[in-house]
Amino acid sequence: MENTENSVDAKSFKNAETKILHGSKSMDSGMSFDNSYKMDYPEMGLCIIINNKNFHKSTGMAPRSGTDVDAANLRETFTNLKYEVRNKNDLTCEEILELMNSVSKEDHSKRSSFVCVLLSHGDEGIIFGTNGPVDLRKVTGFFRGDYCRSLTGKPKLFIIQACRGTELDCGIETDSGIEDDMACQKIPVEADFLYAYSTAPGYYSWRNSKDGSWFIQSLCAMLKLYAHKLEFMHILTRVNRKVATEFESFSLDSAFHGKKQIPCIVSMLTKELYLYH
């Protein structure tokens, strides 16, 4: 692997960033007695990619070099999975919330699922618009079951490439079909969400200026290999392993050299998810 510098997606890693290696209409739910989500709707669904690269001077945050590689890789990957991909670049906090509100009010009744990818600086529980922080729960809350009715019972995937703190991982060496009958069923409003974070709580998330972030590189690679073979959680487990074992930071600053990363999956899915039918 070529040694180009890596950066982190933290809210305020100003100087080292460049030094380091380098609701909707009537409910048409996906609920059924089956153990896997119904994915044979006319459309796979929307994939919204928010790619924040440049930030207002007042934030003190450096540009996220390499993020355009991630955005292009994601667009190709999810287009091949038959999603309708919409790329949005350099959105403010207000624009992010306006976009999520607008998308949640679309009619998703003919769509099997929903995907949103957030590429930005971050910290625990927040993502950064170009002008400051926004609470992740506000971003995702528009798609709760009590707000976005036409996605109730359907998988809602949020993929988040951003730091979740300022800790560094030094690593350690080792040796080693019946929908109508379910239409009135009450389910938790937070059900059927999945959050795929690029890193564990509290930690930096690494990004390479040439190849993009470790997490998005790995996610796209595993989806290309296994999206038509494996259940989604199994794919994410392979993503975890790839990031954990195949990447290590290269930095001119010894404090940031030789560091590791492990993605984190938070699932409230209630069924198995196969991105094909």
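Using the three backbone atoms N, Cα and C, a Cβ is placed for every residue, glycine included.
Swiss-Prot lists M1 with the feature N-acetylmethionine, giving similarity to another entry as the kind of evidence. As annotated by Swiss-Prot, N6-acetyllysine applies to K11. Under the heading phosphoserine, Swiss-Prot lists S26, citing similarity to another entry as support. Among the features that Swiss-Prot reports, active site is placed at H121, C163. The S-nitrosocysteine feature in Swiss-Prot is assigned to C163.
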Fill in the CA-CA distance, C163 (S-nitrosocysteine) to H121 (active site), as an integer in Å.
6
Is it possible to get the count of other C-beta atoms within 10 angstroms of the C-beta of C163 (S-nitrosocysteine)?
27
